[in-house]
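Okay, so here's the structure we're looking at.
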Amino acid sequence: MALMVAVLFAILFQGYVSLASDPDPVRDFCIANIDSATNIPCKNSSDATVEDFIFSGIKSHGKFSETGLASIPVNVNNFPGLNTLGMSLVRADFEAGGVNVPHFHPRATEVAYVLEGKIYSGFVDTQNKVFAKVLEKGEVMVFPKGLVHFQMNVGDKPATIVGSFNSENPGSMKIPTAVFGCGIKEELLEKAFGLKGKDISKVRKKFLSC
């Protein structure tokens with residue numbers, strides 16, 4: 001029940017966003033057509049059912065990563081009913097001490113609602129000023145579009161947040177992976193971070209993804 005309330009809150013909060021990241025829809029709905037055999041972007045509206053507008057994948061937490069985070073995105077990629085509606089969600093669960101590493105969403109502002117636990121949460125603006133605070137159950141924080149932000153469970157029990165985005169597909173770029181995991185020349189990283197080659201290589205082994 002609490003999760004349902006959190007999701008409804010996040011959805012209603014979107015009404016206060018004055019400018020959506022995605023274009024305004026030109027029809028009631030456009031359920032993404034996942035049939036790759038056609039070039040028709042929308043499912044025929046006459047074939048739509050209530051199930052096209054329901055997603056049940058966040059009833060429980062996902063698989064936890066090495067950082068103690070389990071996140072389940074709810075966007076147009078796994079919920080076609082969101083297509084053209086300009087919004088999406090994420091459920092994020094944290095083990096005690098779990099971290100959501102510094103990252104940003106290139107196409108959306110995020111509103112994060114703390115469902116359970118205590119989360120050290122914040123973002124960094126373009127002047128490198130940090131805005132951070134420990135949020136408790138029932139509190140909300142906004143992360144402006146494109147700014148690096150982060151979260152860490154500072155409580156001794158698991159924590160859960162629900163994030164809402166003003167884009168059907170906000171995207172996510174994790175800073176450690178983007179910098180160390182995608183083939184940027186080692187010489188550049190040595191100069192940028194003042195590290196030796198062996199140190200860069202050691203870090204890269206953790207984030208190699210490309």
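From the backbone N, Cα and C atoms, a Cβ is placed for every residue, glycine too.
Taken verbatim from TrEMBL:
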- 1-20: signal peptide (SIGNAL)
- CYS30-CYS42: disulfide bond (DISULFID)
- 56-201: domain 'Cupin type-1' (DOMAIN)
- ASN100, HIS105, GLU110: oxalate binding site (BINDING)
- HIS103, HIS105, GLU110, HIS149: Mn(2+) binding site (BINDING)
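Counting neighbouring Cβ atoms within 10 Å of each of the disulfide-bonded residues (CYS30, CYS42), the lowest count belongs to CYS42.
Under a cutoff of 8 A between CB atoms, and with a sequence separation of 6+ in the same chain, the neighbours of ASN100 (oxalate binding site) are THR67, LEU69, SER71, ALA92, PHE94, PHE150, GLN151, MET152. Around the Cβ of HIS103 (Mn(2+) binding site), 18 further Cβ atoms fall within 10 Å across all displayed protein chains. Comparing local CB density within 10 A for the binding-site residues HIS105, HIS149, the maximum falls on HIS105.
The shortest Cα-Cα distance between HIS105 (oxalate binding site) and any of the recorded positions CYS30, CYS42, HIS149 is the one to HIS149. Mean pLDDT, taken over the domain 'Cupin type-1' (56-201), works out to 95 on the 0 to 100 scale.
Residue counts for the domain 'Cupin type-1' (56-201) under DSSP (helix as H, G, I; strand as E, B; rest coil) come to 22 helix, 57 strand, 67 coil.
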